[in-house]
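*Asks:* Questions regarding the structure given below will be posed in turn.
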């Protein structure tokens, strides 16, 4: 399947070194980097999962890059903004570089840089995000809403103009309120997880977060026990329905379930307020009969750090 995708979507001039594969084990340098930098790998995986859930393109994956890791997403043909996305692994953070198709006037909250060619002339404009393990992904999510490649809901003319307009313009346009509400709803829907996967989990966990007991369906999200790696990982055996804040803790390795006792574990520094009450909470092991292998892998990865 992967070979067919590469044959279909790779440019004819692409070298083997730049062919993309979502499986890091096929790229020696990427595999080596991930094994050496476990904390950064966790950060990379949560970012990739975040991007996977929004990506509507077809060609993406790791490339062979000496001494580090690089992941690329190709843009869709109808995206007027993004040429491609390059992601670089660093020890302290993950760097995202969105290459733009043309010079645009980007809001000040986004870090923009104009790269130069070999002759020192302005070549391409890029938008950067440096994301540490503790950084939320809200700012990245706002940027993705302005693209076609990472948004199943294509930007309207008004929302596209927002990207290129002057932020100092404080004029109020009442007609934008409806669009704003639609944008928020779209963000929440995608963060809740891929629709079919989420519906499976809602049914399996009987519309309740098994850790918190929350039954407010609108704030329950489809979480992957081990990081998303294609549609094959969207299974009950690799899914857990979590309240939004617990999903964040889970993705950051601050929350886990002991696969032997089925008791909740909360990272010591996070044990305050309501989270302290969750520590050692006994869960219904029958709910996780299909997820034992994934829970064990998640638990072992946590304890190997």
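Glycine too: its Cβ is placed from the backbone N, Cα and C atoms.
All annotation found in TrEMBL is predicted automatically rather than curated by experts.
Per TrEMBL, the features are:
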type	residues	note
COMPBIAS	1-11	compositional bias 'Basic residues'
REGION	1-38	region 'Disordered'
COMPBIAS	16-38	compositional bias 'Basic and acidic residues'
COMPBIAS	153-162	compositional bias 'Low complexity'
REGION	153-180	region 'Disordered'
COMPBIAS	163-177	compositional bias 'Polar residues'
DOMAIN	209-258	domain 'HNH nuclease'
*Asks:* So, by DSSP, how many helix, strand and coil residues make up the compositional bias 'Basic and acidic residues' (16-38)?
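*Replies:* Across the compositional bias 'Basic and acidic residues' (16-38), DSSP assigns the residues as follows: 16 helix, 1 strand, 6 coil.
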*Asks:* Can you count helix, strand and coil residues in the domain 'HNH nuclease' (209-258) using DSSP?
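*Replies:* Helix, strand, coil within the domain 'HNH nuclease' (209-258): 17 helix, 13 strand, 20 coil.
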*Asks:* State the mean pLDDT for the domain 'HNH nuclease' (209-258).
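*Replies:* Mean pLDDT for the domain 'HNH nuclease' (209-258): 87.
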